[in-house]
Amino acid sequence: MLSLRVNRLLRKPLIRFSPCISSNGEASFSTSSSKHPHGPEIEGDSSSQEDDHFGEFRQLGFGKSSALNATSVGDPEFGEIRNPRFNEIDELGEDDDDEEGNVTSGDELDDDNDGFAVLKSIPQSREEAGRFDVEEDESRHPLVREVGRLIGLRSSWNPKHEGQMRNLLRSLKPSQVCAVLRSQDDERVALKFFYWADRQWRYRHDPMVYYSMLEVLSKTKLCQGSRRVLVLMKRRGIYRTPEAFSRVMVSYSRAGQLRDALKVLTLMQRAGVEPNLLICNTTIDVFVRANRLEKALRFLERMQVVGIVPNVVTYNCMIRGYCDLHRVEEAIELLEDMHSKGCLPDKVSYYTIMGYLCKEKRIVEVRDLMKKMAKEHGLVPDQVTYNTLIHMLTKHDHADEALWFLKDAQEKGFRIDKLGYSAIVHALCKEGRMSEAKDLINEMLSKGHCPPDVVTYTAVVNGFCRLGEVDKAKKLLQVMHTHGHKPNTVSYTALLNGMCRTGKSLEAREMMNMSEEHWWSPNSITYSVIMHGLRREGKLSEACDVVREMVLKGFFPGPVEINLLLQSLCRDGRTHEARKFMEECLNKGCAINVVNFTTVIHGFCQNDELDAALSVLDDMYLINKHADVFTYTTLVDTLGKKGRIAEATELMKKMLHKGIDPTPVTYRTVIHRYCQMGKVDDLVAILEKMISRQKCRTIYNQVIEKLCVLGKLEEADTLLGKVLRTASRSDAKTCYALMEGYLKKGVPLSAYKVACRMFNRNLIPDVKMCEKLSKRLVLKGAVNDNNMLLYFSLVSHNLQILNEATKLSLR
């Protein structure tokens, strides 16, 4: 009896007190029921929801116990993780937050939602909270390392691992939790850990952790995740500073959703947060990235009206906006006006303008700016200045100008670093100036403070290979060993590319096979270089073998590379081998697309193997690859060529049924093949369906002209009514073609009837055509018809001349 009462008690749901934090920051308690006695649930999560989410959390790598204490969060950026608390806040009625619920996707900015409203009225100064400075770097702390190790094992978690994680989590200081978030290579994993930890019993994130999470997300495009962290801060009663909203704006901006980035300002205004200079600078940066410089200027003026004084960061954003729009003169004017506005420019201000001037090769103006920054603002050019200019110039292949600044820096006693020298060497090699590049390397060796490294030598190797001097490139690799620099994969790949370009692909492949002896490993680019070299030399079997070896090593060629090889095989008449190779790549996991299938189909069609081509089309359907308009056009052309019009018609109907719009090539192909077989009625029927999907005004003109070329004048004459509906110049050209066909056939009366139909539609045949037709009518004895033709022609041309004269007089 006692055991029965105990069992009944155990089956009853336990009533527990759950701590809740209201919007004003006061703590309260609410009751919630759960069938699991592990600990207090947060905000009424039910056990049925917990059981449903268990499988999803296992996929994330978090164990069963955490699933029972947590709901998951949905974010389309990082996977399907369902939780109505973040996706359906309004429907649940908890913390009804209209401001966070109305951010929609979009990347266009409009005048009605440009973010200016936040500056219309600023509330009284409010003591800012929520600014947290993280302590010393905790990334090397043993606890942080152990948590990172357990997160790395999340795919194989068991209850023991999760228990260790929960115990470690409660032992971590807030700064150490921030270190865990920052140490993750994948920001999605950091976000998942953040959500998981937030739902654990007896643990709450410190406000510092929220700001750290937003900082991590601001460097990514995970804008939905950053917005939800912002929502969660409100639900937890944490005061949100402008810095928090600014980081969300940056995340939206990185994702290209500029309109939504500006909507964050409206959310901040509704939350009662006073804007500061940081959020205003972020807003101006969003406008600049969207190339909306005029709106950025208006926002800058509004800032000053409400008392927010712009700083050098603000003006640097504006300068970059001017330069991006090629308005460098206005950028220089703004630079000059900064001093009068109480803000001195810094080196970034000058570097931004210099970068654009370097791109345009306006070196004299760059020198003037360097003198100006030293004379007027005391910003003396230093080693960083010269290195920056050299990199900017070499980036745009201005090697001579970079050399001038190198010499100028040396004369003034500045040491250019290894990266600056390597950039100039690379620019010289791209221009084929190998002797100057070698002299520069010798200078680097003689100076001692910046000896050339593997990157520098690799640039020279690539330069020799560009010029076809492969032997010199090989000798340079030996010199690298002499100076203690081991050539890497990039160095050998550059050499192999040069060998393949000079017709030594087999030798290049042998060198790649000996890579282990020289302690380097080929990558996917190395294999692609060898494959393309063999393909260009016509060694297609060897090229296919390279692809197979590439796949075995874990490198998968792309559809473009595979397609080039398939084209070469089909061009060589080895279409069956191409099909077999494509199927082999598909079975091994390579990305095969519809273009690859179309290439094989085209190869079979060229070899008159139509049944094989149709079987490839069937294979596409079996693996759920959908044929495109080019696939159908190729097959319809070949079916028409073989006289299988019924099959071509069915294939065209299937294409239109799938919603694929025909191209001009499709129209020409269908018209040619159907007219060639004399199937005009079938052609008109299929054209009506094609025109219903995509209008083509001159389609019937093309049909009549093709029929005239083929000598099928009667069929062309029956379609003339469809052409003369518009009475355009293209229609007159079509009528001329039909009249010429009748005259060549010796039937001038039919040509005369076409001319009469032209007159009825206010289309006037030209004088030469009327003269030619008149002579033929006279020879046939049709004098009355000839007189009528001349009369109508004279009247029409006179009317035309009269109309033109009237138009001139009205001007």
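One-based numbering along the chain as shown.
Note: Cβ is positioned from N, Cα and C throughout, glycine not excepted.
Keep in mind the model is a prediction, meaning the values are calculated, not measured.
Annotated compositional bias 'Polar residues' per TrEMBL: 24-34, in sequence order.
Taken from TrEMBL, the feature compositional bias 'Acidic residues' applies to 89-114.
The feature region 'Disordered' is assigned by TrEMBL to 24-58 (among others).
Feature annotation from TrEMBL assigns region 'Disordered' to 89-115 (among others).
Here TrEMBL flags 241-275 (among others) as repeat 'PPR'.
Residues or ranges marked as repeat 'PPR' by TrEMBL: 276-310 (among others).
Broken down with DSSP, the repeat 'PPR' (311-345) shows 23 helix, 0 strand, 12 coil. Per TrEMBL, repeat 'PPR' is recorded for 311-345 (among others).
Here TrEMBL flags 346-381 (among others) as repeat 'PPR'. If you take every residue in the repeat 'PPR' (346-381) and average the pLDDT, you get 87.
According to TrEMBL, the feature repeat 'PPR' maps to 382-416 (among others). For the repeat 'PPR' (382-416), the residues of the chain that approach it from at least six positions outside its boundaries are 347, 351, 354-355, 358-359, 361, 363, 366, 370, 423-424, 426-428, 430-431, 433, 449-450, judged by C-beta separation under 8 angstroms.
As annotated by TrEMBL, repeat 'PPR' applies to 417-451 (among others).
Summarising the annotation, TrEMBL assigns repeat 'PPR' to 453-487 (among others).
Sequence annotations record features per position, and here TrEMBL assigns repeat 'PPR' to 488-522 (among others).
Residues or ranges marked as repeat 'PPR' in TrEMBL: 523-557 (among others). Long-range contacts of the repeat 'PPR' (523-557) within its own chain (CB-CB distance under 8 A, at least 6 residues past either end) are made by residues 489, 492-493, 496-497, 499-501, 503, 505-506, 508-509, 512, 564-565, 568-569, 572, 574, 581, 584-585, 588-591.
The annotation repeat 'PPR' is assigned in TrEMBL to 558-592 (among others).
As a summary of secondary structure, the repeat 'PPR' (628-662) carries 26 helix, 0 strand, 9 coil according to DSSP. The annotation repeat 'PPR' is assigned in TrEMBL to 628-662 (among others).
Counting residues of the repeat 'PPR' (663-693) by DSSP class, helix then strand then coil, yields 28 helix, 0 strand, 3 coil. The repeat 'PPR' annotation in TrEMBL covers 663-693 (among others).
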Quick test of the contact rule: Cβ under 8 Å, at least six residues beyond the ends. What residues does that give for the repeat 'PPR' (628-662)?
594, 597-598, 601-602, 605, 608, 610, 613-614, 617, 620, 669-670, 672-674, 676-677, 679, 682, 686, 689-690, 693-694
